[in-house]
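S.K.: Quick one: structure below, then a few questions.
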Amino acid sequence: MKVFKDSVIYLVGELSSKLVPFLLLPYLSRKLGVEGYGSLSYYQTFLSLFLIVVSLTQEGAISRYFYFYGKRSLNLVVNTGYAYTTIIGSIILIGCWIAQSEILFYAALSSIFQSFLNVQLSVRQCQKKAWSYAFIQFSLTVTGAVFTVALLEYYQNDLVEKRILAILLSNLVVWFFSYFLYRKSTTSKKYQFKHYQSALFYILGFGLPLILHYASFFLKGQLDRIFIYHKFSETDLGLYAMGAQLALVVSIAIQALNKAIIPYFYEALKQKKLVVQQLHKWALFSFLLIPIPALIMWIIPEDVLVWILGSQFVGTKYYFILFLISTTLSIPYLILVNYLFYYGKNKLISQCSVLSTIIYVASLVALTFTEIKYIPYAGIIGSLSIIPILYFMTSKVSKTL
């Protein structure tokens, strides 16, 4: 009953927090236009890339530390991770300053505070503080919307840059208050240099093997935008990116359920109540759910989307449907990969990701030389390819336990 209650809280929190940006789409689509939205999508690609580098999946390291070693020295790992993010982030900021790119500077700074905030969310997830987690998420999106509207209404030029700046301000404000509350609830303790060194090695040991894994996610989620930006037009990218953004609603629901279930999933594995054969059955049955969102969207007339987004976005529905298919393929993926995460098989996860990414990139390159309407199929091919690989890897790991 507890897992169901938390799942509902996480789901409602995630959906309500993302509802504001979703409602903001008609405003952004009209304010930026299809070309401006395409340009925004391009620069958000760099924000995602910077986040991978400065974060080094600290939220995952925090979660695993909590369940394996307890909460006694959790603050040591949190602060050490923050120090790493600050140093690496500063190097990226210097690079942006040398390149004299103000918009990339904002993107880099935003990635730093987003990494800080992700750690705070991970701590609350580990502590099963579902309400606190949901409140932070909702606060982040509300402040993001307020800053976005304020900046885009006040300024008339460089609106894409102002949208990135709004994201930065939102991350900064919400992280400041969430960290303030975290510090109030945490007992201060002095640690020696060797303790910080051990914590850093733990973070690096957890995160570095996963660099390829998350780099693979970046390539699958962002590389297509770079290809389209340079191969086709900003208008084409705007339609494509809008379809992907709309499909994000389903992804949010899936991720919310996953985050709510993970603590109980790990506990079941720890107590030997869950075996790999059950996970394989769940992954297989989940394929029945994959076509449902796309079929629902196929029935809805495109006029509805055009009415919401504006007349410039005719053609978005086609991309929306295809992205829904590739998005829902994450359900069997998460079922299988969480098993490997629990047992710390990060190298295996990276190997799986690299193999599927190679397949995806090869498909993307080939499809780029056709027409833009075929490019979303690269995502479907890449998402499908990793599932049999994970099936084999989870079976292999279960035999060694």
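Glycine too: its Cβ is placed from the backbone N, Cα and C atoms.
Note that the coordinates shown come from a computational prediction; the quantities given were computed from them, not determined experimentally.
According to Swiss-Prot, the feature transmembrane segment maps to 8-28, 36-56, 87-107, 132-152, 162-182, 199-219, 237-257, 282-302, 320-340, 352-372, 374-394, an assignment based on sequence analysis.
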S.K.: Given the cut-off of 8 Å on Cβ pairs that are 6 or more apart in sequence, determine whether the transmembrane segment (87-107) and the transmembrane segment (36-56) share at least 3 such pairs.
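M.R.: In contact, yes.
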S.K.: Against which stretches of its own chain does the transmembrane segment (36-56) lie, if we need a Cβ under 8 Å and a gap of at least six residues from its ends?
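M.R.: Distal contacts: 28-29, 81, 84-85, 88-89, 92, 103-104, 107-108, 110-112, 114-115, 118, 159-160, 163-164, 167, 203-204, 207-208, 210-211, 214-215, 218, 221-222, 225-226, 229, 233-238, 240-242, 245.
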S.K.: Ranking 199-219, 282-302, 320-340 by the number of C-beta pairs under 8 Å to the transmembrane segment (352-372), which range is first?
M.R.: 199-219
